[in-house]
Amino acid sequence: MEFISSRDMQILDTNCEYFGLSRMLLMENAGKGVAEEVMKRFYEGKVQIFAGSGNNGGDGFVAARHLKGFDVEIFLLSKPKTELAIKNLEICRKAGFPVKEGLPEEIDADIVIDAMLGTGVRGRLREPYSTAVKMINESDAFKVAVDVPTGLDPDSGSYEEAVKADLTVTFHKAKPGLAKAREVCGEVAVKDIGIPESFENLCGPGDVAFSYKRYEDAHKGVHGKVLVVGGGDYTGAPALASLAALYAGADIVTTAVPMAIRKVVASFSPNLIVRGVGEERIEMKNLEELEELVKRHDVVVAGMGVGENPEFKEVVEELLKSCKKAVLDAQGIVDSVPENCECILTPHRGEFGRVFGDTEVQKAALKAKAVILLKGREDVITDGSRVKVNRSGNAGMTVGGTGDVLAGIAAAFLCNDDAFHSACAAAFLNGLAGDVCFEKFGYNYTATDLVKAIPEAILRCKSF
């Protein structure tokens, strides 16, 4: 049995909408799948559907329509809140299905369908769901859970109280928690709802929507503190990476560059906090100063704009020993990352060959103990086991500096997310920002234009 985490399933659901496979169609296929599994086991009978406020309830409403020959009742534990659930409930009402608000006095059905919370549940159940779970478990009805039993954590398999299903009908792939809590899942049926296998391996707006985090009760620094270490022969690269991190959501970005170019880098924007480290180049003698800066930041981005500096790689290798998270680009890319550091490497083909030779990219990621985001017309992202491909972007992005922007975006996401998901989200967002630029300027835009397009690209991702 193949598995997919609840997060990756939600990402895939959003990406399907972007690729033209609507959530409405997926819900239709899911609800029909539930009905099919019921009708494999029963020819007739009374069915009571317990529906929550989200799309799990929507799946239940669709199932009601497909249960031909059954006496179906729908109980709303909460009013539907999603557009799809509202629409499918309205169809049920128009079709004449009895719809009642709240819990029944008793369960007198042959079959109960749990379409209450699905994969959205975490922690202790609130009312009326807690009472509903008790009622369902105490009944003699055949119990069918939609996607996962209500109360069960879909990933960890943990629960305090959960529907003890005789049958769980899940979609696309099983959720990991189903294998860890067989005592409440019963038989597990995995239904194909029409998602092409290739979609699971493509980056899209769903990746961005889940990696970009904004907390209503946050204070400065909560959304991430990034340290950019680079510069030397080039001044624009560290500035672009720093600005990209800010535009992608990081609260604080410090740019550490050689003293010789500090004023030039600072002149790019009043939003930059620029620290001079070393004189003409960043060298091993500056390590202690850099290590103090590392302690005050969540993520280190290193390598852009360094140019010819034989000591820089050694500086990076030492910094990684005290660093929890890092994004390494250009001259900062190393072939092995210590276990204490969660790391994204962002080479283009030439840089990849320089560091890893002709090693296949998945094997290189395993060897490096890092996520590799291999830049190209189609970006490849892998941690050695998982692989995703990004197809956003256009030929205008061959202009210099777009890779620096990508590194900054990846760092912003990595502040509050894991390396693989951050890299996937960064690759798509960077390309989408390029597509936003193309709509405005054609192919003739710069990396500065790309940075300024990041907020609009984020809004587009969140609209799906």
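Backbone N, Cα and C atoms are what each Cβ position is placed from, and that goes for glycine too.
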Completion exercise
Of T14, T150, T168, the one that Swiss-Prot places in the same K(+) site as N56, D114 is T150
Exercise for the section: Tell me the Cβ neighbour count for R377 (ADP binding site), meaning other Cβ atoms within 10 Å of its Cβ, over all protein chains shown. Expected result: 10
Handout entry: binding-site residues compared (A395, M397) - highest count of Cβ atoms within 10 Å
Key = M397
Practice task
Write out the long-range same-chain contacts of N56 (K(+) binding site), meaning residues 6 or more apart in sequence whose Cβ is under 8 Å from its Cβ.
Solution key: A115, M116, L117, G118, T119, G120, V146, D147
Problem - Residues from the same chain, set at least six apart from the ends of the region 'NADPHX 2' (348-354), whose C-beta lies under 8 A from its own - result: 330, 333, 361, 364, 372, 374-376, 403
Fill in the blank from the handout: Students should find that the Cα atoms of K375 (ADP binding site) and D404 ((6S)-NADPHX 2 binding site) sit apart, in Å rounded to an integer, by 12
Completion exercise
Residues sitting within 8 A of the centre of the N56, D114, T150 CB atoms (K(+) site), not counting those, run F50, G52, G60, A115, M116, L117, G118, A145, V146, D147, V148, P149, V163
Practice task
Return the member of D379, A395, M397, G401, G403 nearest to T150 (K(+) binding site) in space, with distance defined Cα to Cα and candidates limited to these binding-site residues.
Solution key: D379
